[in-house]
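Record features, source TrEMBL:
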- B:111: active site (ACT_SITE)
- B:176: active site, proton acceptor (ACT_SITE)
- B:109, B:142, B:205: Mn(2+) 2 binding site (BINDING)
- B:142, B:177, B:456: Mn(2+) 1 binding site (BINDING)
- B:205, B:238, B:340, B:353, B:428, B:456: substrate binding site (BINDING)
- B:219-375: domain 'Peptidase M20 dimerisation' (DOMAIN)
- B:238: site 'Important for catalytic activity' (SITE)
């Protein structure tokens, strides 16, 4: 910690032993991560599907070694790149069933994003490589490192002869990077059985806000995706042969896209902001306290300036207010150079990130009505269709002052000697909502990795420090959460 | 001819013999086209570069058989798909050098667009296939059929013992479908030698306006291509993690693109229409006479309605007024489905087709000034750059009432018993301008193929009728053009 204050922690005895064990086994834990990273469990690549399966089996062996009962659940198959391929099984596990202990459900994923050294990696992405106390490799931080953190935290309890104070349920999947296909159905099916006795859910698949300070995440935005399809003709036209004689689909589309959002990011759709939860003083205070360097954030991406001046405004805009982004156009010319085409049909893609209490279906209707009203004004003879992707995803938020978060707060202090920031995320982690629904219990997002780890990017890494301290944090979390008194139903 | 009038032609004796020869050798001429089509001379494919070279050599043999002196001119090499490959040579040829005869320069190209049966062809694209008196195959109409037309017209003179009444210069290239790289430099280099004594230039590489009536083409539009590049950050951003905190390059770009052209195709750039040549009564009359079916034109592409009501307005908008088309965006998401990206840098591509007397450099300055003025109003902190492709291409037009066109007019009547339409083209054929410049003489565009031949498309074809009658037209053109009295310089 660059700004660490004087260490005032008085660690409970079990954690002293456990933390020492973790420190002493740093080399072994890195070796295990190295093994996990070497398995090319890229869920997007049908040719690597067997490696994802292998990865799930590898994790199953690890759970069995810890004494868990496990099941690799078949969740069917998918069509990928024109081939029908089986989905990788979901690994469910249970460790302990003492009715006096709280039962914690842990979620993680073992598949990864595609990676190739030719993408611009400085070392082979599937060979974990340590440079400057950082462990580079695909999946190191997203999400193999955090999954192993849980396993090593449990090992530390067991090998130090410390009673594991909670029962655990594990949900490890192999399709997270490819939309978690098949997962929701399985989880819903297991609602009355596997998830029946869960008291809390903890997910470690997100990141610190910055690089210096741990955080607890209590909210995520939802999302609606839209496609505006304009069709002008049955084939692409040569702009020489047809330019000046036809109503061009592209200019119609640009006309609509230009009326979605203004320079300052204000969404121009009437009524869009109606349901946004008002800002309370207590919530505002959380923003004031957060350690966040706006300049560093903007410099990191080499932008000219942030959309808002202050830290608070910036974070609120990303976390608690909706935003609309235009992603691109399908069907138009997108290559380098020039192709003088009048595209026959173009689909403008944009999405809106949703916040409490926006309802995706209501938002979707507002958007469609608005686009139709613009289209009527345009008076173009071309054809308009508005495409939506599924029903959209709900935003997620929980009370950051509940006992579950308080336990994680204490765990954070015991490892880092600092209060965690309370953050939200601008993106979505759909499984959060599903696990909340099937358990009916509180979900905590407990990040291990740093904000600059580069999940999904070249040179993804996890710092040795975060990997080790994060493992301690998980152990401390299990300790603290075990002490919550839950009244029997 | 569906609307053929009573045949009132009195053919000159040489043409009677020549036309009969052409009719009698239809099968042989189709067989020769079949050979030419079977050579996969796709100039865009580096792996087929040898086939383009083979094609040029094949044509050289044909010219030699006709008694021409020939030269395969090396024009250097290019980098294609990362490989340095030699450019196919340009075939120059000369047949006859009688100072009492007029000298005509004929241009054609022997390379073709890519084609594969999997693109949706009904028969193998490189096997010429006759169905319903149509010859399907890549290059059949663009431009192997017309090139062979010239060769067969000459053969018909020779085999019927008719003195070829003109000297000929041939310019056949193998890179037309790939931007004619290297051609201009060669032609300019040969200005004082090979092109020294040319009296007229004739190009057969365009199409009838419709499917029923031959035409002579006396004008083409020029072009300026522009890229509007907006850069917001140094990397693509996740719309969840950054949405609401950054100035997005896409919405800046859409803002500018929306101010280029209105629904009716009016270009919104101040001053853009200033230099357009006024419409004369004589020119207007040409439009009134033209046979052109607006409904068929629009139905062919399944558009809802044309941008203009009348035939005259529609054709003028495509031929004698500029048009602006937005082609697409580089750097944004362009695939199917959804990718919730905030693109770091996007380049909007558009082009303006230019007409006499618009100057590409002046237009380019108007466009840049206009975009900069819009950008200033936007007040975005992102970075703008305006990209242009070369210096743009000039429009081309010639007087359709000059003696050269009159000769072609007579030739058309002698074959089709109908007056040709006088058309212009909405697109560009850059070599037209180059040949006009290096010879300093009049250029005629003499189409052989029909408007629905589908050059560049699947199932490209030439009708047997057009192939044979077009060959006669070429023979008749050589006859008529020989009679023009050219005063010695």
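Cβ from N, Cα, C; glycine included.
Bear in mind that TrEMBL entries carry predicted annotations, made automatically and left uncurated.
Features recorded in TrEMBL, as mapped to the structure shown.
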residue	record	DSSP class
B:109	Mn(2+) 2 binding site	strand
B:142	Mn(2+) 2 binding site	coil
B:176	active site, proton acceptor	helix
B:205	Mn(2+) 2 binding site	coil
B:238	substrate binding site	strand
B:340	substrate binding site	coil
B:353	substrate binding site	strand
B:456	Mn(2+) 1 binding site	coil
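Using residue B:353 (substrate binding site) as the reference Cα, a 10 A cut-off selects none from the recorded positions B:111, B:142, B:176, B:177, B:205, B:456.
In this structure the alpha carbons, written CA, of residue B:205 (Mn(2+) 2 binding site) and the residue listed as 'active site' are 12 Å apart. According to DSSP, residue B:428 (substrate binding site) is assigned to coil rather than to any helix or strand. Nearest to the residue listed as 'active site, proton acceptor' in space, judged by Cα atoms and limited to the binding-site residues B:109, B:142, B:340, B:428, B:456, is B:109. Distance between Cα atoms for residue B:109 (Mn(2+) 2 binding site) and residue B:177 (Mn(2+) 1 binding site): 9 Å, as a whole number.
The Cβ centroid of B:109, B:142, B:205 marks the Mn(2+) 2 site; residues of that chain outside this set whose Cβ lies within 8 Å of it are B:108, B:143, B:146, B:147, B:176, B:177, B:455, given in sequence order.
Chain A lies within reach of B:428, taking the recorded positions B:109, B:176, B:177, B:205, B:428 and requiring a CB-CB distance under 8 A. Within the same chain, residues at least 6 positions away in sequence whose Cβ sits under 8 Å from that of residue B:340 (substrate binding site) are B:238, B:239, B:240.
Of the recorded positions B:111, B:142, B:176, B:205, B:111 has the largest number of other Cβ atoms within 10 Å of its own Cβ. The CA atom of residue B:142 (Mn(2+) 2 binding site) is located 8 Å away from the CA atom of residue B:456 (Mn(2+) 1 binding site).
Closest to residue B:111 (active site) in space, going by CA atoms and restricting to the binding-site residues B:177, B:428, B:456, is B:177.
Cα spacing between residue B:177 (Mn(2+) 1 binding site) and residue B:428 (substrate binding site): 13 Å, rounded to the nearest whole number.
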